[in-house]
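What follows is a set of notes on a single structure, which appears directly below.
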Amino acid sequence: MMESKTSPLAGGVTWARVCKECGQCHEGQDSHLFEYQDDVDDELVCHICLQPLLQPMDTPCGHTYCFQCLSNFLHDQDFCPVDRQRLQLQQCRASSLLVRNLLDKLAVLCPFRSECQQSMQRCELQPHLHNRCPAFKRLREEAEKKKRPSWNEFKGSKSDGDLADAKSTPIARTAQLSGPSEPGLVNPAFEEGEDDTPLRSSLVAEATVVELFREDTDEDLGLRIVGGKDTPLGNIVIQEIVRDSLAARDGKLAPGDHILEVNDVSLASIPHSRAIAVLRQSCSRLRLTVMQEKGFKPRPEHLAQPSASPPSPSPNLGTVIQVTLVKRERSEPLGIKLIRKSEEPGVFILDLLPGGLAAKDGKLRNNDKVLGINGQDLRHGTPESAAQIIQASEMRVNFVVMRLPDLSEEGGEGQSRGARRVPEPQYFKRRSEYMKEPPGGFSSQEKTVSLKKEPRHSLGITIAGGRDCRSRLPVYITSVQPVGCLHRDGTVKTGDVLLSINGIDLTHLTYNEAVTVLKAQTAQNTVTLRVIQTFTDEEEQDGESSTRDQDMETLEGPKEDDINWVPLWTRWLGLPSYIHWCRDIMLMKTNSESWGFSIVGGYEESRGQQPFFIKTIVPGTPAHFDGRLKCGDEIVAVNGLTTVGMNNSSLIPMLKLQKNKVTLTVVSWPGSLV
């Protein structure tokens, strides 16, 4: 057997020291350590560390190394360690899928051999540790029990900065929030019962490191990002994971994660546009330090209310059900077909195969939405990632699913069992009736350009958006082509929002309607175009920086995918409220639950009126299970009452008064894509 660099972990190992991926104790920058059960072929061994390859990389000269080993070596040298030929990291490529699969299938032992004698494939070690290893579970529970802050510490803080991480020392939720609590921070996620006892013992957050590796150094990560020092959110926050993207395939990041560092570059005190530039850097590996919400720790049994009942189903929020399937042998299939839907993220049950384990059990149903399997969040997962979790499971597979109500029983005609009631379009998204100012530091300016032109000459712009697109955006300009009239005039820029052409309002039109109007009006001899451009204080203070940011987010020329280009998230914040479209989101809960989101904003004497933004959505809460609220959403009204002029002392009581149901009117802009 290959000589291992590790030994069984001693009894004195702590949760803070143990690696959450390999279970061994090593420095954060060092490669993961494994105890291999059998001899490993020399062809699968790194020439630098002399251990089986991790994230194998092939050099142009035909040698293979661990990514971490090679990266560290080339940090100081510029040649291949074996034949000393000139070499740079960007010349190397990931090894073939065959090699990576062979490495993943190497048999390893659980590092906690004194309490767990399991062996498994290397790729299964991390799921084993987090879902099945008793020693790993014991370390985690001991750390949470001993060092988690008490409820009184939470109750005394107005900032959402005091959350418990895995090491359970109170950590600042935003690195820039060291010192006094930031004014205007509201926490509807932390509520108390009428008897003044805590409804939840604590909210657990954990700082972790996620490494993303890509063969194409310019491939998008598949993250939509909101926040930044120049925005009310402060932190850089993941709003959404793009389906089938690199981040979605990796499966470790989730909406709501706060990104603290990228490749050791802190994002704590830089504006949104610069953070996006850091995340878009061209490199093979991105090492992200993120803070992830882990949800509330269950309330102690002696404080639990014996009469507490599960949440009642509603048209908008289904019933959450836990189902455990027990296999007769580890390889037995469950008999479940999983699919994804085009209109909604996540994993759904398409069918239960007759005679299969799930069909015989009878608790799962077609169209159930899979929220999690064996403790792993799948709200934004894929059928492929769900299948991998099931295949890696032992005898028991624990499902958490959401079942939507049977609308046919509620009088809905023509609705199949379990189908989702689709809201009316004008209710789902409509023009906002709530007048308000943009956040501090953001503004806009209307521009009018009148041109005399030949009818056959084009304006030379491409557009996107429209009220029928997914985010119900206004129509905006994606490029100004050098051959058109507007490019010569120079007034209209990429990212400007179109207001009208020759007096015809464009702000309420769908994409196709806007194209039709623009074509018809462009045929005139005279064209008058009204647009609106947004600004940030960051640009006005630093003209050079503004130019760099503008170059970063605009296209050099027309391309086939212009229609998919959108401005940075911050570009939308300066738009006046008459262009906003809003949506109503109704949440439901029991009296003993928290709504499950935290807010930043409100009126402050020093900064004036700041809009309320969703900053955090807590796993396992009504806001989390509903799935429609996103980090970065702006709350403009609660139960139809505008939030303009409110501060935290008026909004918190309003939310607490809503014992079972609340309707939030929100404006949502798509996050910046990286």
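All residue numbers here begin at 1 and follow the chain in the order shown.
Cβ atoms are placed via backbone N, Cα and C, with glycine included.
Unlike curated entries, TrEMBL annotations are predicted automatically.
Annotated features, as they stand in TrEMBL:
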- 46-84: domain 'RING-type' (DOMAIN)
- 147-166: region 'Disordered' (REGION)
- 155-165: compositional bias 'Basic and acidic residues' (COMPBIAS)
- 171-198: region 'Disordered' (REGION)
- 209-294: domain 'PDZ' (DOMAIN)
- 295-317: region 'Disordered' (REGION)
- 322-405: domain 'PDZ' (DOMAIN)
- 434-454: region 'Disordered' (REGION)
- 448-533: domain 'PDZ' (DOMAIN)
- 536-557: region 'Disordered' (REGION)
- 545-557: compositional bias 'Basic and acidic residues' (COMPBIAS)
- 584-670: domain 'PDZ' (DOMAIN)
Statement: Checking 46-84, 448-533, 584-670 against the domain 'PDZ' (209-294) for Cβ pairs under 8 Å, the most are found for 584-670
Message: Please identify the stretch among 46-84, 448-533, 584-670 with the greatest number of Cβ pairs below 8 Å relative to the domain 'PDZ' (322-405).
response: 584-670
Field: Residues of the parent chain within Cβ reach of the domain 'RING-type' (46-84), under 8 Å, 6 or more residues beyond its termini
entry: 2, 5, 29-32, 34, 36, 40, 91-95, 99-100, 103, 106, 122, 213, 284-285
Query: Across the domain 'PDZ' (448-533), what is the average pLDDT of the model, as a whole number?
result: 86
